Amino acid sequence: MSIATTTTRTASSTLPPLMPFWMIGLLGLLTAIGPLSTDMYLPAFPVLDQDLAHGRNGASQITLAAWFAGLAVGQFSMGPLSDRLGRRTPLIGGLAIFLVASIGCACATTLDLFCLCRFVAALGGSACSVVPRAIVRDVATGRQGAKIMSQLTLVFGLMPILAPSLGSLVLSVGHWRWIFWVAVIYAVVGLAWTASMLPDTMPRDRRIALSLSGIATRYIGLVREPVFMSSALITSFASFVMFAYLTASPILFEKLLHFTPAQFGVFFGLNAAFFITGAQINGWLVHRHPLTRLLNLGILVCLCISMLCLGLSLSGFAGPRHPAVICALIMGITGTLGFIGPNAMVLAFTHHGHQAGSASALMGTIQFSLAAFSGFVLGHVTFHSPTPLAVTIMVGVTAMTGCNVWRHICDKKVSAAALSGTSA
């Protein structure tokens, strides 16, 4: 008896221990709406500046900050909704909002209207960030959860490889607005597939009543739980680093390093391939080593490469004179992020299966708040070298390292308390 036929329209469905391949593919496709909407229009930034901002450099980066801000706000509400209504309904509603707002982006005639449509699209698209992670937590935890999360990361990581090249291809044959019509088609496919096949992994008897006081209580409880917060902040600062790179890359590589749109797409693809490779190596090692050991290793290597990147950028060695050096350093950093993200995410969810939607939403809100902040800051910086990006990356990795130390201290306290309770 297949999942698709027995649980498509029921809320009390149960899943086997391992997700079927088609479901991993669907969840990956939905999660990839974020990078699709972020990365596909990056090659169009210079054209967007000319068309909507009358040639004002950097204006298009504000639209990226609007997208991240919408994701941060949207996830804060989507989590409790998915814990109350189940996983399917918020996901379908979010996809519909994303679809309509993407049509608005394709038709916008002013920068302000475009930013508004991007913000609304992100409100809907936030469901595609929150709900798939909650579904994974509904199905699996621990090493099995990390394995599925790494598989999702593989599908998720394919989009950054394809999106800039797809955006460059669209620009080569048509207007930048066509990029958002492609996003509309993508949303239609995701909406149809979700509505017709995806089961609800949140049974009715596990759903949590929706009230403002209840939502506030759950979020306050999560914020006060140090193991969750330390792990969530590690994931969030990893996103801070990644989105700092995403925000700065069009200006840095196309204007400072003089990459063509095609060359930029190739580099972006290679960078995403390193991220995927890191995630898949992590998925292979997670059955052989503790999650915390792999997380510590990823953060340590990321810290070392980030320090090297900052030093070489300040010296002028990594920059226009040697573009291959800065490219290699950035690829190394993103490769380690593929190690860090899945493990920290699973550790954050470990004790919160009963409120996975709210936990995922709070994590996503923190992630994209930091991403919006990094985008806003770098959007107002003039790039004469890679140093602003290197400094921003160093800030994020240093914060990530500090949060990992905090997590380690919390783990020790929890272990000591459990040991004393057992001996008593």
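Any Cβ shown, glycine's included, is placed from N, Cα and C.
TrEMBL: automatically predicted annotations, no manual curation.
Here is what TrEMBL records for this protein:
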TRANSMEM  21-38  transmembrane segment
DOMAIN    23-413  domain 'Major facilitator superfamily (MFS) profile'
TRANSMEM  58-79  transmembrane segment
TRANSMEM  91-113  transmembrane segment
TRANSMEM  119-136  transmembrane segment
TRANSMEM  148-172  transmembrane segment
TRANSMEM  178-198  transmembrane segment
TRANSMEM  227-246  transmembrane segment
TRANSMEM  266-285  transmembrane segment
TRANSMEM  297-317  transmembrane segment
TRANSMEM  323-349  transmembrane segment
TRANSMEM  361-383  transmembrane segment
TRANSMEM  389-406  transmembrane segment
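For the transmembrane segment (361-383), the neighbouring stretch richest in Cβ pairs under 8 Å, chosen from 91-113, 119-136, 266-285, 297-317, 323-349, is 119-136. Most Cβ pairs within less than 8 Å of the transmembrane segment (21-38), among stretches 58-79, 91-113, 119-136, 389-406, belong to 119-136. Counted over residue pairs separated by six or more positions, the transmembrane segment (91-113) shares fewer than 3 Cβ pairs under 8 angstroms with the transmembrane segment (297-317), which leaves the two as not touching. Between the transmembrane segment (266-285) and the stretches 119-136, 178-198, 297-317, 323-349, 389-406, the greatest number of Cβ pairs separated by less than 8 Å involves 323-349.
Relative to the transmembrane segment (297-317), the listed stretch 389-406 leads the set 119-136, 227-246, 389-406 in CB pairs under 8 A. Outside the transmembrane segment (227-246) by six or more residues, the chain places 38-39, 42, 64, 68, 271, 295, 299, 302, 330, 333-334, 337, 340-341, 344-345, 347-348, 350-352, 359, 362-363, 366-371, 373-375, 378, 389, 392-393, 396-397, 399-400, 403-404, 406-407, 410-411, 414 with a CB less than 8 A from a CB of the stretch.
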